[in-house]
Each structure stands twice: as structure tokens, then as C-alpha cells.
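Here is the structure we will look at, set down as C-alpha cells.
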Amino acid sequence: MSKVTGKVAQIIGPVVDVVFDSENAELPKIYDSLEITRKDGSILVLEVQSHIGEQTVRTVSMDSTDGLSRGVDVLATGNPIQMPVGKDVYGRLFNVIGDAIDGLGNLPKAGEDGLPIHRQAPKFEDLSVSTEVLFTGIKVIDLIEPYSKGGKIGLFGGAGVGKTVLIQELINNIAKGHGGLSVFAGVGERTREGNDLLREMLESGIIKYGDDFMHSMEEGGWDLQKVDKEVMKESKATFVFGQMNEPPGARARVALSGLTIAEYFRDGAGEGQGKDVLFFVDNIFRFTQAGSEVSALLGRMPSAVGYQPTLATEMGAMQERITSTKNGSITSVQAVYVPADDLTDPAPATTFAHLDATTVLSRKIAELGIYPAVDPLDSTSRILTADILGDEHYDCAQRVKELLQRYKELQDIIAILGMEELSEEDKLAVSRARRVQRFLSQPFHVAEQFTGLKGVLVDIKDTIKGFNMIMDGELDKYPEAAFNLKGTIEEAIEAGEKMLAEN
């Protein structure tokens, strides 16, 4: 079938109307991609959003429409946007339309070499039902809101409380310990963070560019001629970026582009064997925000707080694809920006419904200098049950929560009347709760250059032992400061002994 061509009729920012005047040809289908070849030879991709009239389609551009004019030829591809898949995507960086942005050349994505970004979620009978805990080495997460393998995890927090650092630490810990493949979708976040992440992954060996390149990088260079393409195939991560400076069309689709690569590895298509994949999204709120911009540009009536009326539908269509099947699993970690620290805002509230575990980052805890600034009372996990975790873990987690809840209730009394007015029992509870609160912090590998402290991974057995010792009163003699930013309880005891000796 010959490809259908049309002409640009109207351009309003990223929204482009295209007229197809041939009588017999079919209009492109919804979500099909159209291509415009610019004067400099570069290709601008449009995605069909709606049919208006008999011969006109309204599309959203995946790149800037600067310099575009009416009357330019548009080619209908007959397919949705395609992403390259296969072993060659290991260690590579792509944009929303599957073009390489790492300077190492494009990969083929036509026919069998690619997959469309719009796909159906797996059928119900293909889903996996087993529950297995995924330990991260981060005490507060493993103890109080444990993550499940193949589950969906949300990191909620306002601006600047540490979502991206926590995601980077999770990539570092899980990707190293888990040895599987990671796919990272950067959705509408800072380009600088994407650059930092790539360097971090190269230094930790999750992405491999070869020894020659690493020597040039250590000397301050970035010589892509030295990249070893064969060694690169041993990499354990793939990146897909659509950052803050991209038009809303790209930001609204880049999460789907990353997900398509993750689905390919989960299903084992072409390789015969499915894999366990980690899928990181930073930031899922920007996906909603871009959808809201596109919706307004397309002239749809806004709903609550100015969001698109299709908010729940769009979120559901994406989240239902992030799932585990009998072939393999996708464990997803999604950072969720919380506008004005309001968890009832429609964007974070819609995301909540899809998650198995939520890690809520709190500004109040960050202000105390406790990092990661996870709020143990607001954070939840579906698998925090004795059946899955065992009695010892479950009982310890519940005791920690009860103690912190008691401390929270007493804070108003302390603020008004002071500590002296509390009973002896409550004074003891407060002093232990403050130690527990500080011991929930730990130094991160990815923050070593800021803290000057070596990052640690803490085994769950050591975590449980440490918190039980604090709550049983075995460590009441040590000052609170001894417990801050420590890994195991032995480190805290050592620091406490030192402080006591100095006094």
C-alpha cells in the first residue's frame, strides 16, 4: 500500500492540523505517527489525536514546531511511534520517538526491530500471582514499607525532599544486587539529573562503555570514539528521556516509550525467555502534567484543579501495562511530585490507587536532617503482613510504628507544657522514639560526595536486631546523635561509646 500524504493546514504551538485531500485514501488512525521532513533533513514526528471533519486530523508534535509552515508535506507512516528493541538497546539512551540521543547512532526500529508504544495490557490469565519481597538495603523501606518483586512502588514528595536521590540509590542497590535489566524513563525532569545519572551508572559499572572511554572520562573528556560497542552490550540499563525542555507531546509519551522496552524484555520476545525488569520513572506527575497541557491545547474542557478529564483513563492505561506475567516481571519505582505538598491533589491521588507500596517523603523529617526523609507513619505496603514477612519482621515494624505514633501524639503536649509534665513512661517512650527516628536514616552511596560518609546496604536481619535493641531499652545510655546516619546498630554503638568517652 502506498503511503498517504497530506499537508499542514494549521499550527498552534505543538498542535498541528493536517489535511489529507485524496478522496479514496483512508485518514490515519488515532495514535498513528505522521512525519514531516524539514529543510535541514531532520524528521518531525506528529501523533494523531483526533479526526476533525472528513479530511483533517489534529495531531500533537513530539518536538518543537519552530520554523514549520502551512502547506508542508506530511507523510502518514501507518503505524504508531515505534521504539527499537533487542539486545542492541543495552546501555543506550533514546528519546520519545526511539532516536538515539547518546551520539552513538540510531538503531533500526521498523518491522521486527521495533515495537509500537501504544499496546494492550496483558490478558488477565497471563498475569502472575506470586508474592516475593524485594529487599533494597534501605532500613526504613525494608522494615516498614517492604517492596514486592513485580510490584508498583510510588515515591511521593514535594519539591526538594529527595525523590531523585532515593531513586538513584534504589537503582544503585537493586540493579547491583539484582543483576537484572533496568529501564529508566526520565519524564519532564531536569536534564542535569539525566547527565548525573548516566555518569553514576558508568562509574558503578551498570552501563559499560569500555576501559578506553572510562580513562578519557576520568581525565574530564567524553570521547565517544572510544566507546566499545561489544562491551556496551553487557550493560544492565537502558535510558529513555523526555526532559523539562521538551514539548508536552514528548513528555506525555516518553513514559510509554520506556515501558515498551521494559515490556519487550519482560515478555522475552525474540529471546525465548522473559526477564525480571526494573522500570524507574522520574517523574510520573510530569506525565499527568503534560497530558493536562495537551488536553488544554486540544480544546477539551478541564476537570478538577485544571487537570484533563481523562486523567484516570490515561493513568490506568499506562499502569495496567506495568505488570508481571508468567514470562517475567516488571518491578516499577515511580517518583511522584506532590504539588504544594498536598497528597489530595488529583494527580498524586489518582496514582495512589495503582500502587502496592507507597514511600512518602516528608519535609518535616528532611528539616530534622534525617535522610532519607521517609515518613514511616504515612508510608504503606500491601505486603506488610506476618504471612509474607514472618512474625519477627512484622512485630518489629508494628512496634516501631506504635512508638512513633505515640511520640507524634505527645508532641503537642511537649510543645505546650514541656517534657517535665510527661509521666516517666512517656518520657522513656519519647527518648526511644527519637533514637528510632534517627536510626531510620542511613548514608547513601549516591550521596557520598555530599555527606562525606560511605554508603551502606543493611541486611534486614541487622535492621530488625537494631530496632529491637533500641525499643527494648538496651541502648538508652547512648546519646541520640549517635544513631543518626548510621548503617548497622554496631556502628551506632561504636559512635555512642566514642561520645560517652569524650564527655
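The backbone N, Cα and C atoms fix where each Cβ goes, and this holds for glycine too.
Here's what Swiss-Prot has on this protein:
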- GLY157, GLY158, ALA159, GLY160, VAL161, GLY162, LYS163, THR164: ATP binding site (BINDING)
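Around GLY162 (ATP binding site), the same-chain residues six or more apart in sequence whose CB sits under 8 Å from its CB are LEU361, ALA366, TYR371, PRO372, ALA373, listed in sequence order. On its own chain, GLY158 (ATP binding site) has TYR337, VAL338, PRO339, ALA340, ASP341, LEU361, ARG363 as residues at least 6 apart in sequence with a Cβ closer than 8 Å to its own Cβ. A helical conformation is recorded for THR164 (ATP binding site) in the three-state DSSP classification. Other Cβ atoms within 10 Å of the Cβ of GLY157 (ATP binding site), summed over all protein chains shown, number 27. For the ATP site, the Cβ centre of GLY157, GLY158, ALA159, GLY160, VAL161, GLY162, LYS163, THR164 serves as reference, and the other residues of the chain with Cβ at most 8 Å from it are TYR337, LEU361, ALA366.
The local packing around ALA159 (ATP binding site), expressed as other Cβ atoms within 10 Å of its Cβ over all shown chains, amounts to 11.
There are 10 other Cβ atoms within 10 Å of the Cβ belonging to GLY160 (ATP binding site). For the recorded site, GLY157 (ATP binding site), the DSSP three-state label reads strand.
Neighbour counts of Cβ atoms within 10 Å were compared across the binding-site residues VAL161, LYS163, THR164; the minimum falls on THR164.
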